[in-house]
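J.: There's a structure below that I have some questions on.
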Amino acid sequence: MKFDLLHTDINSKARAGVITTDHGVIETPIFMPVGTAGTVKGVHQRELKDDINPDIILGNTYHLYLRPKTEILEKAGGLHKFMNWDRNILTDSGGFQVYSLSGRRKIKEEGVKFKSHIDGSYHFFSPENVMEIQRTIGADIIMAFDECTPYPCDYRYAQRSMHMTHRWLDRCINHLEKVPTKYGYDQAFFPIVQGSTFKDLRAQSAEYIANAGAVGNAIGGLSVGEPAEEMYEMCEVVTNILPKDKPRYLMGVGTPINILENIALGIDMFDCVMPTRNARNGMLFTSEGFINIKNKKWADDYSPIDPMGNTWVDTDYSKAYLRHLFVADEYLGKQIATIHNLGFYMWLVREARRQIIAGTFYAWKEKMVKQMATRL
Ligand SMILES: Cc1ccc(CCc2c3nc[nH]c3cc3c(=O)[nH]c(N)nc23)cc1
């Protein structure tokens, strides 16, 4: 994997770049749609390509390991072939999902014992076996096995959790050297910065991760309930330490405003379940603010979903029709809203990239942040 920095904004730390892997280029800043179990819920791969056109989507080690299981993926020749997606895929390492999904889990130095949320069976993730699972899934970018430090927590806990994540990072790196890639293309490995919301721990973790010398770096432990101001403060500290010539991935972020503010702080890659999860609840993101399509006020509004729309659904269907689909619980409603929200997020980061290259990003960002804060 290589990263070319094309342009850095003069009024902020925003950057425009290109990541190149064996499955094509990724123009940054980029938003990565969440495709947890090998599908972006409710959207065909063909629709994804034609209408949303993401350079990369996310998969999840925890979910894919439990279902369809690694042997099924291996026989298919990896996740790309299994789901018929020939562009980039990034998989998270599963640590976060174990911490957030399976209520029953025991975190020890060796690894994490957990109960499957599907059938209650017991499983064990360690830095070593999670590296093997990600080799088998075959994503182009794979994440270190870390502990996403719960929020809030006291300093002692954050410090011990951070050091364990650093020890687990060393075990991931050592093991990866012993397990060759399985399908003939390269897999990039990203370590993850922790340290909760303590500036000194964040600086310490950023130094440790920077010293690992990986081709890309991630910031974890945020977007876990902390106030946005604290998220921005931690990103400021960490992006001042992480190398400039490597992409920076801020995990699980965020709202459109979070994304613009963090692009200004030097973040290149984002993922978030909001556009897809909120879509399924009828919450639409537009450049003028939020729309809850189930609200009665849209019942006889025959205007397009979003006149400024970025995808064909925005002008093919009216607000009244989309509201009817949600009220009637028709699953076409969820599909339309998902394509709309993902189209909005892709537009937002592409427009940010255009503004950075034009040198007008900062003023545009300030205008957009004000404009999107309204609730329609
Ligand atoms: C499919 C998929 C879904 C979700 C993710 C990111 C999930 C995610 C976080 N989401 C919000 N905050 C988060 C923090 C962390 C973190 O500290 N470490 C890891 N490994 N993942 C995180 C990756 C892939």
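Residue numbers in this text run from 1 along the chain shown.
Just so it is clear, glycine is given a Cβ too, placed from its N, Cα and C backbone atoms.
According to TrEMBL, the protein has these features:
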type	residues	note
DOMAIN	12-372	domain 'tRNA-guanine(15) transglycosylase-like'
BINDING	Asp92, Ser93, Gly94, Gly95, Phe96, Asp146, Gln194, Gly221	substrate binding site
ACT_SITE	Asp92	active site, proton acceptor
REGION	252-258	region 'RNA binding'
ACT_SITE	Asp271	active site, nucleophile
REGION	276-280	region 'RNA binding'
J.: Between the Cα atoms of Asp146 (substrate binding site) and Asp271 (active site, nucleophile), find the distance and write it as a whole number of Å.
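T.: One finds 17 Å between the Cα atoms of these residues.
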J.: Please report the three-state DSSP label of Gly95 (substrate binding site).
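T.: Note: Gly95 (substrate binding site) is helical by DSSP.
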J.: How many Å separate the Cα atoms of the residue listed as 'active site, nucleophile' and Gly221 (substrate binding site)?
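T.: Rounded to a whole number, the Cα-Cα distance is 14 Å.
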J.: With the cut-off set at 10 Å between Cβ atoms, which of these binding-site residues ends up with the most neighbours? Options: Gly94, Gly95, Gly221.
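T.: Of the binding-site residues Gly94, Gly95, Gly221, the highest Cβ count within 10 Å belongs to Gly221.
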J.: Excluding Asp92, Ser93, Gly94, Gly95, Phe96, Asp146, Gln194, Gly221 themselves, which residues in that chain have a Cβ inside 8 Å of the centre of the Cβ atoms defining the substrate site?
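T.: Those within range, site residues removed, are Tyr99, Met143, Ala144, Phe145, Glu147, Cys148, Ile192, Gly220, Met251.
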J.: Among the recorded positions listed here, Asp92, Asp146, Asp271, whose Cβ has the fewest other Cβ atoms inside 10 Å?
T.: Asp271
J.: Could you tell me the mean pLDDT the prediction assigns to the region 'RNA binding' (276-280)?
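T.: Mean pLDDT for the region 'RNA binding' (276-280): 97.
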